[in-house]
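Since the structure comes first, as structure tokens, the remarks are kept for the end.
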Amino acid sequence: MSKKRLYEIAKEVGVESKVIVAKAQELGLSVKSHSSSVEEADANRITSSLKAGTAKDESKPAPKATPTPKEEKVEPKVDKASVAKSAPAKETSKAEVKEASVALKKPKSRNFKAEREARAKAEAERRKNGGGRDNRNRNQQGNDQGKRHNNDRRNQKGNGQGDHNKGNRDNSTNHDRNFQGKLRNDQNQNNRRDNARNNQAGPRIDLKARAAALKAEQNAEYSRQSETRFREEKAAEQRRAKEQEKARKEKQQAEVAVQKAAAETKPAPKPAPVAPQSAPTAQVQDTRRKKVRPNKSRDNRRVNEDGPKQTRNNKWNNQNQVRNQRNSNWNKNKNKKGKNNRGNSAPKPVTERKFHELPKEFEYTEGMTVAEIAKRIKREPAEIVKKLFMMGVMATQNQSLDGDTIELLMVDYGIEATKKEEVDNADIERFFVDEDYLNKDAMVERAPVVTIMGHVDHGKTTLLDTLRNSRVATGEAGGITQHIGAYQIEEGGKKITFLDTPGHAAFTSMRARGASVTDITVLIVAADDGVMPQTIEAINHSKAAGVPIIVAINKIDKPDANPERVIGELAEHGVISTAWGGDSEFVEISAKFGQNIEELLETILLVAEVEELKADPTVRAIGTVIEARLDKGKGAVATLLVQQGTLNVQDPIVVGNTFGRVRAMTNDLGRRIKTAGPSAPVSITGLNEAPMAGDHFAVYEDEKAARAAGEERAKRALMKQRQQTHRVSLDNLFDTLKAGEMKTVNVIIKADVQGSVEALAASLLKIDVEGVRVNVVHSAVGAINESDITLAEASDAVVIGFNVRPTPQARQQAETDEVEIRLHSIIYKVIEEIEDAMKGMLDPEFEEKIIGEAVIRETFKVSKVGTIGGFMVTNGKITRDSSARVIRDGVVIFDGKLASLKHYKDDVKEVGNAQEGGLTIENYNDIKVDDVIEAYIMEEIKR
């Protein structure tokens, strides 16, 4: 009997796969997932049970809506009086609930209710004794009397000195009485406090508990005194403000009176009466000046009969004198500006420092100064310096303190100290590991990132080419993929992002990077070749990254294809098919003819649905660099894969050890876009330098922060590189001496993309030839320039160009300085050539000789022929039997042979300098205007 997969049954019935899995498990079938297979009879049982359950649900009648009984609608009769009585209770309960909620919101503080009850109890005892009442009455009488005298003196303008002194004596007498009453009250209060402490004192049982109680009592006492002092200062400040306001109003009234008097005296016809009118004023001024100043000094030194000298009344005396002086207009030069009139204005009252409560928590950083701590806890630096001195720490207000000292200081103040965690702004990795960076409520489904991996020439690029309906594979030199590419396709309304990784052994690091950012791995295995070394390596990378594997057995159209052998070989390496009880999906395809491609895409979407891939598009974008290169006109170009967030044009970005702003952004089709969401591959420009492939990137809030982070990362990378020094030890002494005797092959590597530079350098360093080693003097991205030739001449190195060409100036300088330039487009040929040269087996029988260059001026597409390029020879000549390279923007696009060469309509063997002609190239039709055609021949060298 045939078997069926559970997801096929789900498609037939029209339900989700998980429903079928649950029903199968309910029927007792041993299934694990939607990919499990069952017999046809079991499939019929599952289908019939599902249909029976659906029919049973439909047969159930819909529940009728039960009408609300009428008794519930009838409102009961309620007594209005009872309602009126219950209303205040409800209001009271609401108020109590409100007060309780407010009390819960407030921070825990002292028990003011208990303190009020204690004060009320003490007041009742004082009233019962009667002593406090007499003092209060006497104080009140003295205050009233002093107020009456002071008011009388304020209302009288220009009175004599005798009345003024009388008012001062009355005030001083009243103040003496107030002072004596206050002394008695303080004494009673101290007695009550001592009695209370004596009553509370008990036998000491636990020293720690007693110490804690004493400390709590001291804190409570300190809080009470602080609050009392704060209230007294606030009341005194309010009194001073009222007095100043009153003095200001009196001054305004006096000025208005003077202006009225001046207005009345102005229209007098004769100036003679004016002198007698001002004479008494001057006389009063002179007498006032003579009387006031000596009396003022005597009053300050006077000792009262009832007690010691009192200083509070002097404030009232001084204010009265200032008012009298203003009213009498005795200082005529008061309003004049000058050096001698600075002290004429009344001194401003000194504002006392406000009292602030100590904070309950204090967040500190290592190295805070005493002044910073004092500002944070609202205390004087001198107070903190004193506390530190008592703790045995000598410090000034500008001295930094360590964390332990700050914590001890906060314990002394009774404040909970916590250390502030310093956030490294230059650390990009924190965005990838911090769970709080993403908003879980804003998570949406994202497209899966699929990496196509496999051995060399097993059909990875051909499969991707079939998926994209393009011809990427035909443009690859030697038929292998040189660097990673990212593309996005759409299947059934859902997008899938594909990463194409190279299969050559030199690109191990690039495959590892591809596996680290992927969600699903599609392992391509040729049905005729089976499992190869890079296939095993791809399996290990996928297992290390923890991503599911979908095996695509390719080339099933070949006669010698054996898919069963491939399944058995993969099972030996831990990749077991679901048909054999494993968890890996196997799909047999033919990438060349497009066979079973739809089934492969459906399997990818099915596995992605099981993985439940989510992303937050609302945060700032983070992701990974897929590839980076230097473009002649655009500068540094980086291919990025957005993993979280949304990337926008003009975003400040930090990529690896460089930074910049996103100037332009294009998708995989070359179209300019403004935004890119999660799982989208984009190519951006605007970076200062080309980053390394595999670096992480993150978008920052502004360009200033991005610049600071990028410069800091570059500085750290440089310091790390400088610290990598090779120290001589006994273990490596022999190796060091041996290395001095070895011959060295110095090379300079220039490639088109960063990934190829890394792979080529790593492969050359791995070449193991006894007595010879490779030293990579310099490696970079871009065309070969004059500085590379200069460096090669100084270090006696060979310049290796991978998919790049030297500039004309560099080529001329290389010929002058006799520097060897090796140009290649296939990586294993570079490795073989360097290895043969190191072994002394290189046989330089032929040398490449460039015979001419031409520029494409126009292109013509002819059916059954291809693209014809109309060219003009700019240097040398183009021959029919020569090989040709297509160079675009300094990068080799294609290398092949000429298919035809014509001058006008005639077939010719060569076209000379400054002549025009037409040509076609074998197996290449992507000729464009301004492409450079470089013709060369392989010439035998005399040994």
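Cβ atoms are placed via backbone N, Cα and C, with glycine included.
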Annotated region 'G2' segment (source Swiss-Prot; candidates 479-483, 489-493, 844-848): 479-483
Matching range for Swiss-Prot feature annotation, region 'G4', among 554-557, 726-729, 814-817: 554-557
GLY454 (GTP binding site) - helix vs strand vs coil (DSSP): strand
GLY454 (GTP binding site): tally of other CB atoms within 10 A of its CB: 26
Cβ atoms near ASP457 (GTP binding site) (within 10 Å, other residues, all chains): 17
Residues near ILE556 (GTP binding site) in space but at least six apart in sequence (CB under 8 A): ALA527, PRO563, GLU588, ILE589, SER590, GLN595
